[in-house]
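According to Swiss-Prot, the features are:
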- 1-54: transit peptide (TRANSIT)
- 58-97: region 'Disordered' (REGION)
- 65-74: compositional bias 'Polar residues' (COMPBIAS)
- 86-97: compositional bias 'Polar residues' (COMPBIAS)
- GLY200, ALA201, PRO202, GLY203, SER204, GLY205, ARG206, SER207: ATP binding site (BINDING)
Amino acid sequence: MLPKFRSRSSIIKNTERISNILSGGKLTVCGSKLGGLYTFEKCTFNKYYSSSQYQHTGRPVGGNIHSSSNQQRQKNSEAPRINEIPPSTSSVEKSTTIPNSSVVLDHLLNEGENTLEEVKPSEIHPHMSWSSKSEGKMFKIPEELLNKLNGFGALEKQKKSFSFFTSASLLHRKITTELVNVLQRSKDQGTKDGRFLLDGAPGSGRSIALIQAELFALSQPNFIVLPVHNCEGWVNSTSSYGYDEQLKLWVQPDLIKGFLTSVMKTNSDKLKKLKTFESHELLQNECIPAGTDLLSFLHKLIASSNAPKSLEIFLQELNNNTKSNSNMKVLLVIDNISILSVVTKYKDKKNNFLPPKDFYFINLLFKYISGSLTFNRGTVLAATSSQPRVSTPSLDIALGVAHRNPYKSSDETILDSLQSVHILNMEPYTLDESRRMMEYLVSSNVCLEKVDNYLQNHVLSGGNPRKFFDACTRLA
């Protein structure tokens with residue numbers, strides 16, 4: 001039995017829900033009417049059973065699908081029993097019944113009481129709120145901030161999951177509130193006492209938590225965000241590099257300029273309000289005077305040929321703007337410290353793989369993580385990652401999840417840098433968070449199950465956000 005719909009708009013709405021899930025599939029809705037009820041005239045699905053095309057051609061008789069192909073039905077004992085239309089009353093073309101096609105319809109449309117569950121649209125708040133009272137609510141990412149996140153690569157890992165939805169929205173979790181409290185702590189507290197590392201199981205939501213921290217900072221008038229995402233690009237030997245005799249470190253000029261460019265574009269409206277404290281000579285014939293706005297200053301630094309010097313000068317001037325007489329703060333975000341803790345794919349002149357500490361930019365990041373370099377006011381927020389999967393023995397020892405092997409060497413830079421970092425462990429979804437996410441997925445037509453199945457999916461996934469999403473969308 002197919003479900004009975006009271007209006008043409010109702011049937012179209014529900015067929016759209018299914019066609020969205022069955023990529024490549026199509027439902028054609030007839031306009032025939034009997035007793036105020038609409039029925040399917042032709043349905044074509046071609047995802048679940050790619051070897052065949054399943055078609056049903058029927059007439060509106062109480063919502064049933066009828067077929068005149070009795071022989072085909074007898075050849076397939078697995079096919080569901082379908083009522084026969086007497087030849088004298090058939091007013092449609094001869095139909096073909098393909099095995100299991102009704103099973104697909106029954107599974108999608110006819111489960112339980114032969115009706116699709118009507119779920120009210122999940123409430124998505126258009127304006128982000130950062131108080132603890134917002135926990136358990138879905139918030140839409142404003143378009144302006146979404147473009148900034150895309151601009152510095154924060155959404156690379158999320159593109160697949162976000163592609164399911166018409167707009168990008170995030171669940172305000174308990175960890176979200178914790179991170180906001182971290183960023184809002186004492187106005188005079190610098191990064192020396194504000195170094196935090198998010199750790200957790202694969203799929204626990206570390207990158208999403210970092211994004212929410214960045215969204216908060218970007219929405220505030222007194223935060224400069226320094227985003228370091230897609231850290232694999234700093235170690236996979238895909239960019240130019242060279243040895244700097246003065247620094248005694250390897251330098252990646254193109255990547256450094258790319259980082260400075262993303263900082264400039266992300267914070268342009270705030271940088272133009274800040275001024276340089278000192279004059280700087282970039283070239284022999286060019287001197288940038290004190291009092292130059294940081295946006296213009298950074299633009300000239302990017303155009304210069306000395307990338308390491310440009311980065312050093314900019315960070316120095318940015319720190320000058322976070323002194324006690326200013327309300328400006330800095331948020332340094334490092335997504336995937338794991339990949340920065342293992343040997344890179346770059347090689348030296350002797351064809352040996354280079355450790356990350358031998359690179360100027362990576363070495364600089366670990367100085368901020370360790371607290372040997374600081375901003376007067378701000379936060380350093382990093383996260384471990386399981387993508388790509390690499391063995392991180394030194395990082396595991398630093399995090400206390402592995403014991404030091406006296407017969408194997410460890411990276412002392414990693415161990416020292418994380419010695420006094422505050423570890424924030426990612427927790428699984430609570431039951432309330434699972435239900436809220438399930439409501440959002442169902443109302444967005446991404447999940448075909450009933451909302452009440454959130455308990456089952458919570459158990460199957462162990463509350464792991466990524467596994468929960470996969471469990472809810474397994475029919476999609």
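Glycine residues also receive a Cβ, built from the backbone N, Cα and C atoms like all the rest.
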For the binding-site residues SER204, SER207, the largest set of other C-beta atoms within 10 Å encircles the C-beta of SER204
Counting Cβ atoms within 10 Å of each candidate's own Cβ, which of the binding-site residues GLY200, PRO202, GLY203, GLY205 comes out highest? GLY205
Inside 10 Å of the Cβ of ALA201 (ATP binding site), count up the other Cβ atoms and send me the figure. 16
Taking 8 Å from the centroid of the Cβ atoms of GLY200, ALA201, PRO202, GLY203, SER204, GLY205, ARG206, SER207 as the cut-off, which other residues in that chain fall inside it around the ATP site? SER386, MET426, ASN464, PRO465, ARG466
A correct count of other C-beta atoms within 10 Å of the C-beta of ARG206 (ATP binding site) gives 26
